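Below is one structure, written out as structure tokens; the observations come after it.
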Amino acid sequence: MAIYLSVFIIIFSVIGICSADLSSDYYEKSCPKAMYTIKNAVANAVTNERRMGASLLRLHFHDCFVNGCDGSVLLDDTSDFTGEKSAKPNSNSLRGFDVIDKIKSQIEKLCPGIVSCADIVAVAARDSVVLLGGPSWTVELGRRDSTTASLDTANSDIPSPLLDLDDLITNFANKGFTAKEMVALSGGHTIGKAQCTTFRQRVYNETNIDSSLATSLKSNCPSTGGDDTLSSLDATTPVLFDNHFYKNLVNNKGILHSDQQLYSGGSTDAQVKIYSTHPITFDADFAKAMVKLGNLSPLTGTNGQIRTNCRKIN
């Protein structure tokens, strides 16, 4: 037991998970209307386009998996600076930047220089999930914004939809997550859409896919061309945050190769099965994993800055 505990401590010290300087009431006195402002803006955006909820959740994930939850994903490229937006997992697919810009603009009018872009992204992700019927969780606050970004890390650390199970487990373990937490976080794919290019190989080359689903997907995703055409990750309830993602996997109806790998005769089958029949368990585990995700390597104290414009360094 002592050996396992030591390994656990070493892993967490290496990846820099630290929430000691974060608190749920961080803005209670300095910007008391911040949380309401974010919630209201997200509600308007998601009401206008339900898919935006999934996009804001994905934005948070892609931010946190690259050197921590520091708002680096929001930075635009300039003549002498390359951000993360052009990374393969983000280019032409990551969305929600305009929503974050709008929220930031509203909050800057209320309390300039106080609320970080990184915190806005974290809260917007939580509020999006709740609006689409999913669980809530307490978002720890007080992150500061990065003054750098890493295109290379975005390309290497954000998990590819083509990964096999062992590589998925390793990818998430590198960020301090267990296989169970990885399966729970993958449930975020109960909402949102995927581009044809991310699942073409599965639809045309793999056998562990429901035949009717494959036929349906092929009609919208030709073997050549149409790379950017979209299909729902959960065709059953595409704009509801529920456990149908796991029910789909049990029936070989996972859209992405990496998703179906979670239920493919491997070590995570049992966890997928549990979530497919116990939605309350899934909600609770997803919420816990999201808190952990939000605590990945935050910049606090005098590190980083509070950007005035989320797209550029002050």
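Glycine too: its Cβ is placed from the backbone N, Cα and C atoms.
What you see is a predicted model, and the numbers here were worked out from it, not measured in a lab.
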From Cys64, Cys69, Cys111, Cys117, the residue that TrEMBL pairs with Cys31 through a disulfide is Cys111
Going by TrEMBL, the cysteine from Cys196, Cys310 that pairs with Cys221 in a disulfide is Cys196
Bonded to Cys64 via a disulfide in TrEMBL, from among Cys18, Cys69, is Cys69
Spatial hits near His189 (heme b binding site) (Cα distance within 10 Å) out of the recorded positions Arg58, Gly68, Cys117, Asp234, Thr237, Cys310 come to Arg58, Asp234
Close in space but at least six residues away in sequence, with Cβ under 8 Å from that of Cys69 (disulfide bond), the same-chain residues are His60, Asp63, Ala118, Val121, Ala122, Arg143, Leu293, Gly294, Asn295, Leu296, Ser297, Pro298
Within 8 Å of the Cβ centroid of Thr190, Asp234, Thr237, Asp242, the other same-chain residues by Cβ around the recorded Ca(2+) 2 site are Ile191, Thr236, Pro238, Leu240, Phe241, Asn243, His244, Phe245
The average per-residue pLDDT within the domain 'Plant heme peroxidase family profile' (21-314) comes out at 97
Cβ atoms other than its own within 10 Å of the Cβ of Thr190 (Ca(2+) 2 binding site), all chains, total 29
Of the recorded positions Arg58, His62, Thr190, Cys196, Asp242, the one whose Cα sits nearest to the Cα of Pro159 (substrate binding site) is His62
Keeping only the recorded positions of His62, Cys64, Val66, Ser72, Asp234 whose C-alpha lies within 10 A of that of Cys310 (disulfide bond) yields Ser72
